[in-house]
Amino acid sequence: MNQKTILVLLILAVITIFALVCVLLVGRGGDGGEPSQLPHCPSVSPSAQPWTHPGQSQLFADLSREELTAVMRFLTQRLGPGLVDAAQARPSDNCVFSVELQLPPKAAALAHLDRGSPPPAREALAIVFFGRQPQPNVSELVVGPLPHPSYMRDVTVERHGGPLPYHRRPVLFQEYLDIDQMIFNRELPQASGLLHHCCFYKHRGRNLVTMTTAPRGLQSGDRATWFGLYYNISGAGFFLHHVGLELLVNHKALDPARWTIQKVFYQGRYYDSLAQLEAQFEAGLVNVVLIPDNGTGGSWSLKSPVPPGPAPPLQFYPQGPRFSVQGSRVASSLWTFSFGLGAFSGPRIFDVRFQGERLVYEISLQEALAIYGGNSPAAMTTRYVDGGFGMGKYTTPLTRGVDCPYLATYVDWHFLLESQAPKTIRDAFCVFEQNQGLPLRRHHSDLYSHYFGGLAETVLVVRSMSTLLNYDYVWDTVFHPSGAIEIRFYATGYISSAFLFGATGKYGNQVSEHTLGTVHTHSAHFKVDLDVAGLENWVWAEDMVFVPMAVPWSPEHQLQRLQVTRKLLEMEEQAAFLVGSATPRYLYLASNHSNKWGHPRGYRIQMLSFAGEPLPQNSSMARGFSWERYQLAVTQRKEEEPSSSSVFNQNDPWAPTVDFSDFINNETIAGKDLVAWVTAGFLHIPHAEDIPNTVTVGNGVGFFLRPYNFFDEDPSFYSADSIYFRGDQDAGACEVNPLACLPQAAACAPDLPAFSHGGFSHN
């Protein structure tokens, strides 16, 4: 081969290499070799989508920071200079405890929503502690109209029949601080010898923390609380590190200097005082168990012991979200509703419409309850009525990518509680659409003809979470394309524990060297104001029965034929079902309007609950949460029965401000505006796998609202997400199967916002 030929070949090789390099560079970005980027997915809904927000959409919106500020300014002017900031208030002070939305009367709200009447006055409800009056009391004041208040109306007598006794008031944060100061500065030094020996006691107990129990006493009028002491484990759950010491603090007096320790409990024995405990310890009469203050092998921490792995799965919206959130109003192609938070009762939704038709006026959490057992006084007496602490008040910021999908829409919540200025919980709600990874319906046919039809289950979810001391509750409202609404709550967080001593098998399981996981029940109560094709509804119960019969074509043989039983429930007592009693498998509210097939249009209440036994009715405090006895009760709706519980029930369950059982007074429920009251709950016997945290798996309960002859067929039949193809069609063609278009329709990268967290203090 001559040199000329070699030169030509070299030139051709160089040209080929250059061409290949150019091809490679075309496929790479112009930033020095990074791979080309997919376009970002749209971050907003396409403008052509049909859903819109009606002008009256903010009727149920929680109060804004500006409204809260205006109410507080007005109350300060009207109540005078003696008003103290609740953040620093002592029991003998006057202070504004809370301000929140006063919900409008239903008749006025519907007149506005449905008939265009002027909106009802926007009002606030304030709870005020009057500790400086000759007869200290608690008052409820309605303030309006907002945003420029001009009147204040005391509704305490109207709603409760008289002034609210002062001992029923919730415990302020300042009161807890004063109790801690009393315990650590005045009381614990009296037992410093024992505490040094057992618990690595430091000056004024700085390595220890207290945890409250409730209710506070044994009879109406008491205000005496058992406090457990725990190691203060930084960055982890102290709830698992009980040191075995519990103190009964009487804090009824208006002057904290007069508060006393009524009883002491230490590792299985009772004492009259810490001084007595110390004296017996010095005399060698106390059996002391030395408890390490560094946890048990780190299993108490939520920090993973392994490094991060590959990124987990991520759902995104390839063509932008298919819903919108404006203020408190959510709208999608199927659903519209308003959402909010009661400061004490927690999450609630209003004016729920499916394809434009109202199904529900209100679904709201009313109360949550945890009843404990154990062989220590704190464990055996604890009945946490969480509304007394505040399921809205203790709502927490939602952590993007853990508490909700990373790309969910996050909404803040403004509140005014124990403060003179409003605060904000960032990311208190999340709203998202989610593919459940499950078909809502489907059929694959190989019989006579060949076809497939189905619809992926895609739901719209609004979520919030509350952390009540050790437990975290997840509150979900799920909207399904079939017209069903699902209400679900989950429990997670840390278990409440007790110091391990004596015969503990009756009260739970040992979960670490010195820790008993104490048995308890969880229950939550919900108000469901269904308006099924109008305000006039009836309650129907349907079930099944096997009826013996002779076989028609062979009379000598017997057959058990399955039949449907139907019964109209006409009185409240008929529609009140106790926990553990037989409940109709189908119970639904129906209108006097029929569907195409002649059946009354109805919505079924389907419960998913495995509640523990309710507190026996002969208990002195059972009236304080009498709703717990009923898995379901349907009553006439009344404005004077807005809630099944009260923020004041926690501290006086013996003479409760609201007794739900009074709602069930055997009035007619035929053709009336009705409310269904639903209880969901479960028994929790803590076990080793509850360490470090209880998991949500298997610890979620709730109920469904499902259409029952409300439509003429399944409304999801009309879903644009439906898939259908025959055996003689090309299922890989876009015009046949929309899923075949995904490689093009979803060829985008989700626009992930930078991670942020709402923080650990509210601003």
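Quick reminder: no glycine exception, Cβ is built from N, Cα and C everywhere.
What Swiss-Prot lists as active site, proton acceptor is Asp386, and the listing cites similarity to another entry. On its own chain, Asp386 (active site, proton acceptor) has Glu367, Ala368, Leu369, Ala370, Ser466, Leu468 as residues at least 6 apart in sequence with a Cβ closer than 8 Å to its own Cβ.
Feature annotation from Swiss-Prot assigns active site, schiff-base intermediate with substrate to Tyr471; the stated evidence is experimental evidence. Counting only residues at least six positions away in the same chain, the Cβ atoms of Ala370, Ala491, Thr492, Gly493, Tyr494, Ser496, Thr694 sit under 8 Å from the Cβ of Tyr471 (active site, schiff-base intermediate with substrate).
What Swiss-Prot lists as Cu(2+) binding site is His520, His522, His684. Within the same chain, residues at least 6 positions away in sequence whose Cβ sits under 8 Å from that of His684 (Cu(2+) binding site) are Ala491, Ile495, Val519, His520, Thr521, His522, Thr694, Asn699.
Annotation comment: Swiss-Prot describes Asp529, Leu530, Asp531, Asp673, Leu674 as Ca(2+) 1 binding site. Annotation note: Leu530 (Ca(2+) 1 binding site) sits in a strand segment as assigned by DSSP. The Cβ of Leu530 (Ca(2+) 1 binding site) lies under 8 Å from the Cβ of Leu359, Val360, Tyr361, Asn537, Leu589, Tyr603, Leu674, Val675, Ala676, Leu705, each on the same chain and at least six residues away in sequence.
If you look up Swiss-Prot, you'll see Glu572, Glu641, Phe663, Asn665, Glu667 marked as Ca(2+) 2 binding site. The Cβ of Glu641 (Ca(2+) 2 binding site) lies under 8 Å from the Cβ of Thr635, Phe663, Val675, each of which sits 6+ residues away along the same chain. Under the DSSP three-state reduction, Glu641 (Ca(2+) 2 binding site) is assigned to coil, being neither helix nor strand.
Ser43 (O-linked glycosylation site) counts 12 other C-beta atoms within 10 Å of its own C-beta, drawing on all protein chains shown. The annotation O-linked glycosylation site is assigned in Swiss-Prot to Ser43 (among others).
Secondary structure from DSSP puts Thr212 (O-linked glycosylation site) in a beta strand. Feature annotation from Swiss-Prot assigns O-linked glycosylation site to Thr212 (among others); the stated evidence is a curator's inference.
The O-linked glycosylation site annotation in Swiss-Prot covers Thr679 (among others). According to DSSP, Thr679 (O-linked glycosylation site) is assigned to a strand segment.
Under the three-state DSSP scheme, Tyr471 (active site, schiff-base intermediate with substrate) falls in the strand class. The 2',4',5'-topaquinone annotation in Swiss-Prot covers Tyr471.
The topological domain 'Extracellular' annotation in Swiss-Prot covers 27-763.
Among the features that Swiss-Prot reports, transmembrane segment is placed at 6-26.
Counting in whole angstrom, Thr679 (O-linked glycosylation site) lies 19 from Asn665 (Ca(2+) 2 binding site) by their C-alpha atoms.
Summarising model confidence by region, the topological domain 'Extracellular' (27-763) averages a pLDDT of 93. Least packed by the Cβ count within 10 Å, out of the binding-site residues His520, His522, Asp529, is Asp529. Of all the glycosylation sites given, namely Thr212, Thr679, the one with the smallest number of surrounding CB atoms inside 10 A is Thr212. Within 10 Å of the C-beta of Phe663 (Ca(2+) 2 binding site) we count 21 further C-beta atoms, all protein chains included. Under the three-state DSSP scheme, Glu572 (Ca(2+) 2 binding site) falls in the helix class. Excluding Asp529, Leu530, Asp531, Asp673, Leu674, which define the Ca(2+) 1 site, the same chain contributes Val360, Tyr361, Val528, Val532, Leu535, Asn537, Leu589, Arg637, Val675, Ala676 within 8 Å (Cβ to the Cβ centroid), listed in sequence order.
Cβ neighbour counts within 10 Å, taken over all protein chains shown, single out Asp531 as the most crowded of the binding-site residues Asp531, Asn665, Glu667, Asp673.
DSSP classifies His522 (Cu(2+) binding site) as strand under the three-state reduction. Cβ contacts within 10 Å of Glu572 (Ca(2+) 2 binding site), excluding its own Cβ and spanning all protein chains shown: 21.
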